[in-house]
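A.B. asks: In case it's useful when we look at the structure, here is the feature table from TrEMBL:
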| type | residues | note |
| --- | --- | --- |
| DOMAIN | 16-150 | domain 'EamA' |
| TRANSMEM | 16-35 | transmembrane segment |
| TRANSMEM | 47-68 | transmembrane segment |
| TRANSMEM | 80-101 | transmembrane segment |
| TRANSMEM | 107-128 | transmembrane segment |
| TRANSMEM | 135-152 | transmembrane segment |
| TRANSMEM | 158-175 | transmembrane segment |
| TRANSMEM | 187-208 | transmembrane segment |
| TRANSMEM | 220-241 | transmembrane segment |
| TRANSMEM | 248-269 | transmembrane segment |
| TRANSMEM | 275-293 | transmembrane segment |
């Protein structure tokens, strides 16, 4: 009876995990559309308010879920606080570039950045962790580098927005990987660490007479107030998905977000898709196909090895 119940619960857990992952990546995918609602506000003001509202919303969530003890444990460990200071700086840069790109109609660059990100993470592992590249991983990285180099030659410059986003998020991912804290309390600590800078900047704006809350425009004010929710909710859903799904499936589903960025940029906001840019995307997509195949092959090998060992 117990074995039957356990066997029946596994598919249910997988289905639930897929729904959580779709929710997380779907919300991240439509995030540029949300920032379009506040594109009359300067990017640095948007990011500063995102930090403040995230502190409030995530803090309230942790209190409701009775998880404040986790925050206390983090705060008492200087090493964890130091690592989270670094990750906080990286994610702040990532947020600022992201919002700037959306407000300057460069969502295609955002899409390219998050398509490149998994391949940059391979480079982080190679350089920082001294990991060895498999043959297929090397092919994937080579294709991505060729695509970026081709765009630099054809358009006369590197896709800096894409590279900033990819490298800042890969660096953030690495720091969080070596920081043994859970996602939501970690996010709250990061935003708390950024709060003095964000709060000080907003106070200076208020002192200079700036209407940072846009109270005269209710739709913009509500969108700004909702920044805490749109920051935390996808992360909460992702954490729930990660506990239920194998990492290879999570890895394949991560392309949902940049795919949505690409579709909305081209077909909703009518951003120009130059042949050189499309060629770069083609190289990146080929690289990701190779990378995904390699990840799937490794996962299958691990499954077979585990089955033999059982």
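Note: Cβ is positioned from N, Cα and C throughout, glycine not excepted.
Those TrEMBL annotations? Automatic predictions, nothing curated.
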A.B. asks: With pairs closer than 6 in sequence left out, are the transmembrane segment (158-175) and the transmembrane segment (80-101) joined by 3 or more CB pairs under 8 Å?
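C.D. replies: Between the transmembrane segment (80-101) and the transmembrane segment (158-175), contact is present.
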A.B. asks: Please tell me whether the transmembrane segment (16-35) and the transmembrane segment (187-208) touch - that is, whether there are at least 3 C-beta pairs under 8 Å between them, with each pair 6 or more apart in sequence.
C.D. replies: no
A.B. asks: Give residue numbers and ranges for long-range contacts of the transmembrane segment (248-269): same chain, 6 or more residues beyond its ends, CB-CB under 8 A.
C.D. replies: 18, 21-22, 25-26, 28-33, 36, 105, 107-108, 110-115, 118, 241-242, 281, 288, 292, 295-296, 298-299
A.B. asks: Count, for each of 47-68, 107-128, 187-208, 220-241, the Cβ pairs lying under 8 Å from the transmembrane segment (275-293), and report the range with the highest count.
C.D. replies: 107-128
A.B. asks: Between the stretches 47-68, 135-152, 158-175, 187-208, 220-241, which wins on the count of C-beta pairs under 8 angstroms to the transmembrane segment (107-128)?
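C.D. replies: The stretch with the most contacts is 158-175.
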A.B. asks: Can at least 3 Cβ pairs under 8 A be found between the transmembrane segment (187-208) and the transmembrane segment (135-152), with each pair 6 or more apart in sequence?
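C.D. replies: No, the stretches stay apart by this measure.
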A.B. asks: Under DSSP, the domain 'EamA' (16-150) has how many residues in helix, strand and coil?
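C.D. replies: Secondary-structure composition of the domain 'EamA' (16-150): 113 helix, 0 strand, 22 coil.
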A.B. asks: Given the transmembrane segment (47-68), which of the listed stretches 135-152, 158-175, 220-241 has the most Cβ pairs that are under 8 Å apart from it?
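C.D. replies: Result: 220-241.
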A.B. asks: In terms of Cβ proximity under 8 Å, which residues at least six beyond the ends of the transmembrane segment (158-175) contact it?
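C.D. replies: Contacts with the transmembrane segment (158-175): 83, 86-87, 90-91, 93-94, 97-98, 100-101, 106, 109-110, 112-114, 116-117, 119-121, 123-124, 128, 148, 151-152, 280.
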A.B. asks: Give the nonlocal contacts of the transmembrane segment (220-241) in its own chain as ranges (CB under 8 Å, at least six residues past its ends).
C.D. replies: 17-18, 20-21, 23-25, 27-28, 31, 34, 37-38, 40-41, 46, 49-50, 53-58, 61, 182-184, 187, 213-214, 250
